[in-house]
Protein chains: 2
Amino acid sequence: MNGLLPEGFHDRLPPFADAAAALEARVLDVARLHGYERVDPPLAEFEEALGTRLKAASGKDAVRFTDPVSRRTLAIRPDITAQIGRIAATRMAHHPRPVRLSYAGQVLKLRASELRPERAMLQIGCELIGRDGVAAVREIVTVAVAALEAAGVPGLAIDFTLPDLVEQLAPGMAADRLAALRDALDAKDAAGVAAIDAAFLPLIEAAGPFDAAISRLRAHDSSGALASRLDGLEAVAQAVEGRVALTLDPTERHGFEYQSWIGFSLFAQGVRGEIGRGGSYSVIGAQGDEPAVGFSLYADPLLDAGIARPERRRLFLPFGTDADTATRLRGEGWVAVAALDEADTAQAQLCTHLLTDGEPRPL
Amino acid sequence: MNGLLPEGFHDRLPPFADAAAALEARVLDVARLHGYERVDPPLAEFEEALGTRLKAASGKDAVRFTDPVSRRTLAIRPDITAQIGRIAATRMAHHPRPVRLSYAGQVLKLRASELRPERAMLQIGCELIGRDGVAAVREIVTVAVAALEAAGVPGLAIDFTLPDLVEQLAPGMAADRLAALRDALDAKDAAGVAAIDAAFLPLIEAAGPFDAAISRLRAHDSSGALASRLDGLEAVAQAVEGRVALTLDPTERHGFEYQSWIGFSLFAQGVRGEIGRGGSYSVIGAQGDEPAVGFSLYADPLLDAGIARPERRRLFLPFGTDADTATRLRGEGWVAVAALDEADTAQAQLCTHLLTDGEPRPL
């Protein structure tokens, strides 16, 4: 049966498709209450326009086809964030900053990533365009956490990173030496780091639970070069303290290449891998780059873990139940399945309740 | 600015994207209360599998690409109904009949149709698989009307058709003569019809308001060949009588080629063109064909007409408003936009209300 669909593609059946709709609605309702308004970019765009806004890696992932109308190449979006940036920079360029936008939609990738087997995925997210300071990041992290809480996601954890920390600490370092240092830090290769500059060893050792990591970094920051970064990071973390397990991996860069000063990954108990990520970045605009912060959630691992599954409560209406009774029961919130003929049964319709003497009774 | 996107593709900006989500939620919530559970097929499938279930016309409309994993051709869905049929016939083949399924999602077409300039569209619908009798059609028409009413769509109208009526009336007619007759009826070419068989002229004259059309057809049906069809049609219409303007065009076949005994088009006051269509049809299954009924709504013309646009009520929280106050106000249902610094203003954030002395006041 799996052979019916290509690898990485799947049908969401009941009750998982209802769960997907509920997850999307709950997440974006929290965003709405924080002032984020939905935008809905199209599935496909001119490849050129989309490509310039995509991370290099995801640009290669896009499905391409020739448009018979324009005779130009179009690409199916492998990511929605890039489209939100385009909208903010062009059609909403006149809108005062910051602009708060949210979205939910399908994305399509030609190839699965190392970590995710899916090639068709539901992406849900929020972007705040025009700011990337501590207050903006605090808001984005708060919205992400409140949204996941509202969707019933248990055991939330956030892993923060400071993608430009190494550059901050080594303003004068030669490019090739900096690259080697970054590679050694990414690999958590202490000997390699020591060979380049032992002063960076504390960055490896600092990775771990948030408060301890911050303390260790402050202890090693005798020059005070990191003070403002660490103050900002603490202010961000404080907004969700006590609700979320917090860690810091100060040099983690993988997947955060396009983030500026801060990035974060979201995790949930019992869900494999990341459930989302976010951070600060730049939006390319006609008048130069604009700062922005945002987050994206990957709905599929959450749904696979059973998040937002609705309770299955179905009332069977025997053949001949009058329309007014059916309307009244549905008005009371009952999922009421009507028999279409004498042969229909409550059991076959997977009902939990049966209308008996005008009242729903459990089966 | 329009040049940013290919012809037939567009961004939905605030408040239209929120309206799209609200329309989808309201329509599918009515369906849910009638027992329809959501399914969510993927954006792309093997072209071959999708193609056999698509109407010939829409198969040609599909965007195709080569899958680097399977090295086979995949197609982006130009229509979701075909995918629902596949799910019912394969993964849900074991499920007792009838199966009630609903869906909402984006579809993509290589070319726009004569009537619709969009090539990326939101399709929303319901399918009832395993029955196509009067009770099943009654239910589908009832759900379609109740869903559109719940979404606030004004001035609903339904135009019914009986796609196999001519075959019913001419059981022994030679294929070429039947084809000529159908063409003449489609063209409302009275002279052409008369030249073939004047007995079919009443079918052209009968088109119009429902009750009058039924009366005219009954008057001409001296043999009683149409009696069961007309009885069924009247029973279907009776379910929505008084809420919807009803018409009948008994020989209309355009776009209903794959419908069996009944088809219908949905219209709304102030909205250009059809807003949806439905009817009875067959689902290809491993054990032979299965009867089914369903409807699809085209969300885009409804949204362009301003349906389901949310009220824009935004409360500005001045810089320094404490988090507990913000949480309380959002809990009361306020869209509360927080200032990120002293420079942010209620006006720039397009707010309608300002938090003053702890209370929201209109601006």
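Here the Cβ of each residue, glycine as well, is placed from N, Cα and C on the backbone.
Summarising the annotation, TrEMBL assigns domain 'Class II Histidinyl-tRNA synthetase (HisRS)-like catalytic core' to A:8-301. According to TrEMBL, the feature L-histidine binding site maps to A:Asp79, A:Ile80, A:Thr81, A:Gln123, A:Glu127.
A map of TrEMBL features onto the structure.
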{"residue": "A:Asp79", "record": "L-histidine binding site", "Cβ within 10 Å": "23"}
{"residue": "A:Ile80", "record": "L-histidine binding site", "Cβ within 10 Å": "21"}
{"residue": "A:Thr81", "record": "L-histidine binding site", "Cβ within 10 Å": "25"}
{"residue": "A:Gln123", "record": "L-histidine binding site", "Cβ within 10 Å": "20"}
{"residue": "A:Glu127", "record": "L-histidine binding site", "Cβ within 10 Å": "27"}
Mean of pLDDT values spanning the domain 'Class II Histidinyl-tRNA synthetase (HisRS)-like catalytic core' (A:8-301): 93
Cα-Cα distance maximum in Å, computed over every pair in A:Asp79, A:Ile80, A:Thr81, A:Gln123, A:Glu127 that the record assigns to L-histidine: 13
DSSP-derived structure type at A:Thr81 (L-histidine binding site), helix or strand or else coil: helix
Remaining residues near the recorded L-histidine site, that is with C-beta within 8 Å of the centroid of the site residues A:Asp79, A:Ile80, A:Thr81, A:Gln123, A:Glu127: A:Ala82, A:Gln83, A:Ile84, A:Tyr103, A:Val107, A:Gly125, A:Gly294, A:Ser296
